[in-house]
Every structure is written in C-alpha cells, then in structure tokens.
Amino acid sequence: MVLCLITASSTFNLQPGRSRYLHKCMRIQNCGRYLMTHVDITRQKIIPSARVDTVGLEVFVVSDLHTEYAENMAWLKGLPKKGKKKEVLLVAGDVAETYEKFVLTMSLLKASFEHVFFVPGNHDLWLRREKENYIDSLQKLDKMLDACQRLGVETNPSVIDGLAIIPLFSWYHESFDREKDIPGIRIPSLELACKDFRACKWPDGLTNGDNSLATHFDAMNDKNKDTVQEMLASCNQIISFSHFIPRLELCPEKRMLFYPNLPKMIGSDFLEARIRYIHVARGNTNACHIFGHTHFCWDVLLDGIRYVQAPLAYPRERKRRMNGGEDWLPFCIYSKGELTENMSPCYWSDYYASNPRTPDVTELAPWVARFYRKL
C-alpha cells in the first residue's frame, strides 16, 4: 500500500528509539522526498529460518514483495534454487504493480520452491503503469490467475502431506474500522491518501466507497466451499492466508499511526468470518492465518489463532525497521509437522503483548502529533 500524505511544507523529527518503526509510507507529495532523522540503533536479528536442512515438509511465508523495486528483485533473484525436499511458499499479495513483473516474480519463486501459493493484493490490481489497455482491474486479475495456472502457482485450497493450505481472496471496506476516530485535526481523505482509488478501475456496481468490493472478493472463495469442508473433516493442521487483515487488533491504534485513518482501508469482516469458520470450531493448537498489506511484522495468538505477517515491504522500510528482512525472509512457519516458534522481534505485536490496546484514547502520540495542527 502507498499512502500520499503530508504537504510539501511539512517537516518532522522522529523520536529516537521507537518512532522510527512507525513508518507507514510517509511520502511528501510534491517532491517525493522522505525526511528521516537518522538514529544509530542496535537491532536484534531474527534468526534466519530459510532453507535449512530439514526432513519433511516446510512452509515459508512472505508478503508485499513489491518487486518493481530493484532491491526487492535483487533479493528475489538471490533466493536458493529448488532443492530435493518439499518446500512450500505462501505469497500473501502485493507481488508487483505490473503484469509483466508479476509473471517474472512468480516464475522466479517457482524456481526456488516446489509449491507456491498466491492471493492478490491491491497493488497487483493497479493499472496505472500497464502497457495493455485493461477494461478494469478484474480483467487484469483474471489474466494473473491464468498466468498462475500456467506457471503451476496454486490459488485454490490444497492438501500437502496432510497439511491443508487455504488461500482466501479479500478486499478491504471502510466499515471494518469500528474504533473511535481522532478528533480535532484535519486528516486527508481516503481518496487522497490511498492510491487504490486512482490506480484501480472497477466495473459498474463495485467501488471502494462501500462494501461492494469486499463482498465481491469474498464471494470468490465460495467455489471452494466443498473442498474446504472436506479439509475440515480430514485435516488436523490448516494454514489459511490472505492479503488483507481480518482483525483490527493486528494494526496499531490510530493515535500511533502517521495516517490515523489507515484502519479504514486494511481489513474485512467477511474475511474474519471465513477464518473463524475454518479455524475456531476446531479448537486445536495448529490454527494459523498469514496476512500482509500493512508492512508491519506481526506474530500473535488471538482467540486460539496464530496471526503472522512477514512482509518484505519497501527497501526504505527495511532500513528503518528493527529486524530488517533480507536475511531471514521468507519466514518458516511450519516444519517437522508443526508450527515453528514465534517470529521475534516484532515491534508492534511485542508491544501489545505487554501493553493493553486502548483505542478510546485519541490523543495523538508525540511522533504523530507533529504532523497535524489542531482545528
């Protein structure tokens, strides 16, 4: 996701130590510059889990590859090639902005992993840089799914060595956000802040302004209803994944965000209902859902379901965040017949493990308040 925020006259200084991790795409519109106070910090590293010698099935996860960035494409080309063991990669959306780059990216991933699964993100459906004149973003999606079929990339539920993997199509809707808004400041509109409103094109009846896109994408999962039901009856271990987030608790509170209205364009209640149908009734310790979109590393257990985000994200974001990413992604979520240990450190999920979520508090955090003048 790209947010266009902050006027060209705005300046800011980030608080050392913690605010450097609150970095949701702070773009200065008119000149494209990024102003950041440099702070030297010691970063804990996530122990690399990728491609170690292990017997049996291993499942890796990654989201938000954004391979239109040369640094991200270089990372991708540096992945080890496919070995003899069974390795699965779940790609939770936002692969690339153009169809050409998408096909190249998925081809390279298939050269590195025996099985690759994919769900689309919002960037994958952008049209602004496409050479082909698509009727709308759904036509581009159809072409991407056809490419996946040719390349052997899975977009439907499948069982591998007893592990059920369920891709879930989704889109966000504004009513997903039910927490108190930040009063007394002028926040840019969603239409101004989110490029989806300009970079995507939809047929009549579908719009970002209501729930229509969210229900349309959710309905794409209905064709797999019988398959999923069979998996629930026969598989003890299930991993589902989506691009968008299913719960507000998987995003920092509004007062912590440089764009406080971010929760209005990140998640889906319809997605959450699917996940609960798949996982909650089972009551076991193997419930896991992978997501992407917000570019925050996350690993938390909520109501018996483990939620994980492992984003490659933008190069500038990896330089700022506490655990980088090039050396430990993709993250191994499943090995030796069970889910692996938690990804750590994850700044925000670690924060909420020790601090209660207080969305009724609407006073902006100091590092955010510097951007806004009170009305």
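Glycine is no exception: its Cβ is also placed from the backbone N, Cα and C atoms.
Whatever TrEMBL says is automated annotation, not expert-curated.
TrEMBL annotations:
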type   : residues : note
DOMAIN : 59-148   : domain 'Calcineurin-like phosphoesterase'
Number of helical, extended and coil residues in the domain 'Calcineurin-like phosphoesterase' (59-148), per DSSP: 37 helix, 14 strand, 39 coil
Mean per-residue pLDDT computed across the domain 'Calcineurin-like phosphoesterase' (59-148): 96
